[in-house]
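Participant: Annotations for this protein, taken from Swiss-Prot, read as follows:
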- ARG16, GLU17, LEU18, LYS19, LYS112, ARG515, CYS516, TRP561, GLU605: 5-methyltetrahydropteroyltri-L-glutamate binding site (BINDING)
- ILE431, GLY432, SER433, GLU484, ASP599: L-homocysteine binding site (BINDING)
- HIS641, CYS643, GLU665, CYS726: Zn(2+) binding site (BINDING)
- HIS694: active site, proton donor (ACT_SITE)
Amino acid sequence: MARTHIPGFPRIGAQRELKFAQESFWRGESGEPHLRGVARELRARHWQLQQDAGLDFVTVGDFAYYDQMLNLSALLGALPQRFGFEPKTLSLAEYYELARGNAAQPAMEMTKWFDTNYHYLVPELGPQTSFDGGVEWLFEEIDEALALNLPVKPVLIGPITYLWLSKSHVAGFDRLSLLPKLVIRYARLLDKLRQSGIEWVQLDEPALCVDLPAEWLDAFSAAYEVLGTSGVKVLLATYFESAAEHAPRVAALPVAGVHLDLVRAPQQLDAWRAALPAHAVLSAGVIDGRNIWRADLGEIVESLQSLQAEFGERLWIAPSCSLLHVPVSLDAEKKLDADLKSWLAFATEKLAEVATLALALRDPAAAEPALAATDRALEARRRSSAVVNALVQKRVAAVSSAMAERQSPFAERNRLQREALGLPLLPTTTIGSFPQTAAIRQARAAYKRGELRALDYLQRMRTEIEIAVRKQEELGLDVLVHGEAERNDMVEYFGEQLWGYAFTENGWVQSYGSRCVKPPIIYGDVYRPEPMTVETTRYAQSLTQRLMKGMLTGPVTMLQWSFVRDDQPRSTTALQLALAIRDEVVDLEKAGIRIIQIDEPAFREGLPLRRADWAAYLEWATRAFRISAAGVADQTQIHTHMCYSEFNDILPSIAAMDADVITIETSRSAMELLDGFGAFAYPNEIGPGVYDIHSPRVPGADAMQRLLERACEVIPAERLWVNPDCGLKTRGWPETEAALANMVRAAKALRAKLAARQADELTA
């Protein structure tokens, strides 16, 4: 009989209870006992959902107060030494300082979790890292679950993935040299789990699904030779891609089972069936853990029947990966179109799908009603007239190569733009959004509830726009933005105005820490029926003589940060989005807007995990961006923004996007991203972020000037812009104004310094 489990469950709560408890704690409105109490209630609720669904295991260890990698660093005792915290007595206040920074130290670096929109905190390791152990919150959670008489399966990120995703700031240091000490700590953790009565532990090694060097693979084997004999059974979990080439290696190790992502990489199954020894468990990840579409259970049952015949009780059924990446439940969706809702499955519904698959193998007749309901919903989706739009299909078919090219090369455009825009050396700007105050959020909520008339809402938003414009003028910024007061989310705002999109009331997903996003659903062909931002941007420009940027979200980010239809290639959906955004760019230019920013912070996260698959993605992704941007005259300056992106290895494709100006996140990584731009001789203009907006810490003007001077060593000052790392939506006005004042001060000081140097050279 097949067994059932999940790799992980969303931690935020169906009503974002964790987010609100975190933020209350940060504001000092509640203490650690309240936060711990909310966390305990959420864990118990989520375990009960798994138990009620009939799963054979409940997963423990997927909860984190901020991030699972930070939790693991705390458990291992591998905290950044610069904070001076004692790992074994780490408080929640100190834990959050690691994530958010404090007056003395900037936050730990944050970056994307593989190719998802979740962010993790990058471990900081070095020769001094000892892995002597730290706070054992995991064991407290296991005790909670055992006290509820639940069948516990703990989950930990595995040692190879932990090291692979870490960084060292010590030149020449090999992180892999830490593995022997790290394995000793893991072995002790597994032994403690054994003593707690745990039978199975899930060790997540998604790093096996990327292009690991040979020495890392050898290190993996050495590590699991030890960990596989710890006395607790190890389920080695891979996900997000195929790990087929490692099947013989894993089969030779003393691991008790392997979990495979058979949604993203169904082709790997044959290799694993051939390699796995007779005792090994195969956990089949057959329910999509990263998208929200209802699974074709009938088709999956057919594929599982042969696996059951081969593996029997050694077959486990699961989602492809942790359900962290999907919303908690459809129960709260009262306004969603009934047909569309019937096509969906969120985390709680996916628990039922897993259980139904196991039931269908065990008792086909008992599962028949559920399977029949699924078949009806999927057939209705296939036949729906809401999915295919003939107008969009015709336009996509008419796209030409010329639509992806600007009128002139960058050098000529740049000359014309300098003449037209008249900007100083090192022009200052921001990335787009300004603080979303309580007044803004309350007005938007009242408007959505029907308690505020459209005209009154428009006037309130215009008041906020004027406030933002006046503050920017007072600060002395060169290129202004309208502040995006009217926007709840950079994707949702546009999706609400496009055909082919749908929106949930409560479909929240954790992005990082307390930051939750509510991805829209692309269910059909995408089309822009009317302008989306033109009137707002035109109004903002009317308030000032300075240049006002139009602010749009690019096609790749619209795609990456949505739940995307799975019935056509993602490249086709990206092209539809590009055409919609192209129309908006052209209309902004007609309205007199001379600088238009098309944000693509998610560009790199769309990369396949395997380098061999990159070229195809980069071709259609860069083409989509160019199509969105190329409909304007040479004098119109196109900006793009990328944050949390490590893209030195795809710089040719970044250059191929042909944006006139790119702004990037660099402050947390001390401008190291710029080294690649310099070595590549990136031809266009660039704005390296000079301060980290994700921390409340206000950096001084001197610190920002030093970063700019470092940037000038790599990129000529004539091609540099000065800006924060990212938008300022989540910050408060006092810290925002203080930081921007220092940023402008730094830019002016460096301008003066460079001018003086130039004068000295002329007189020498």
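Glycine is no exception: its Cβ is also placed from the backbone N, Cα and C atoms.
Could you place these features in context, so I can see how deep they sit and what lies close by?
Facilitator: Non-local contacts of CYS516 (5-methyltetrahydropteroyltri-L-glutamate binding site) by the CB criterion (under 8 A, 6+ apart in sequence, same chain) comprise ILE12, ARG16, LYS19, TRP508, VAL509, GLN510.
Residues within less than 8 Å, Cβ to Cβ, of GLY432 (L-homocysteine binding site) and separated from it by at least 6 positions along the same chain comprise VAL481, GLU484, MET490, LYS549, MET551, GLN597, ASP599, HIS641, GLY727. According to its DSSP assignment, GLY432 (L-homocysteine binding site) is coil.
A C-beta separation below 8 Å, combined with a sequence spacing of at least six in one chain, links HIS694 (active site, proton donor) to ARG100, ALA107, MET110, ASP725, CYS726, THR730. A coil conformation is recorded for HIS694 (active site, proton donor) in the three-state DSSP classification, outside any helix or strand.
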Participant: Using other CB atoms within 10 angstroms as the count, which residue among the binding-site residues GLU484, ASP599, GLU605, GLU665 scores least?
Facilitator: GLU605
Participant: Can you tell me how many other Cβ atoms are located within 10 Å of the Cβ belonging to LYS112 (5-methyltetrahydropteroyltri-L-glutamate binding site)?
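Facilitator: Looking across every protein chain shown, the total is 20.
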Participant: By a simple count, how many Cβ atoms lie within 10 Å of the Cβ of ARG16 (5-methyltetrahydropteroyltri-L-glutamate binding site), its own Cβ left out?
Facilitator: 18
Participant: Compared by Cα position, which of the binding-site residues ILE431, SER433, GLU665 is the closest one to LYS112 (5-methyltetrahydropteroyltri-L-glutamate binding site)?
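Facilitator: Result for LYS112 (5-methyltetrahydropteroyltri-L-glutamate binding site): the nearest of the binding-site residues is GLU665.
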Participant: Where GLU665 (Zn(2+) binding site) and ILE431 (L-homocysteine binding site) are concerned, what is their Cα separation in Å, rounded?
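Facilitator: Roughly 10 Å, rounded to the nearest whole number.
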Participant: Let me know the DSSP-derived helix, strand or coil state of CYS516 (5-methyltetrahydropteroyltri-L-glutamate binding site), please.
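Facilitator: Note: CYS516 (5-methyltetrahydropteroyltri-L-glutamate binding site) is in a strand by DSSP.
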Participant: For the L-homocysteine binding residues given in the record (ILE431, GLY432, SER433, GLU484, ASP599), what is the largest pairwise C-alpha separation in angstrom?
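Facilitator: Binding-site diameter by Cα atoms for L-homocysteine: 13 Å.
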Participant: May I ask for the distance between SER433 (L-homocysteine binding site) and CYS643 (Zn(2+) binding site), taken between their Cα atoms and rounded to an integer number of Å?
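Facilitator: If we compare the Cα positions of SER433 (L-homocysteine binding site) and CYS643 (Zn(2+) binding site), the gap is 14 Å.
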Participant: Which one is it: of the binding-site residues LEU18, GLU605, CYS643, whose Cα lies the shortest distance from the Cα of ILE431 (L-homocysteine binding site)?
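Facilitator: Going through LEU18, GLU605, CYS643 one by one, the Cα closest to that of ILE431 (L-homocysteine binding site) is CYS643.
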Participant: To the nearest Å, how far is the Cα of GLU605 (5-methyltetrahydropteroyltri-L-glutamate binding site) from the Cα of CYS643 (Zn(2+) binding site)?
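Facilitator: Approximately 11 Å lies between the Cα of GLU605 (5-methyltetrahydropteroyltri-L-glutamate binding site) and that of CYS643 (Zn(2+) binding site).
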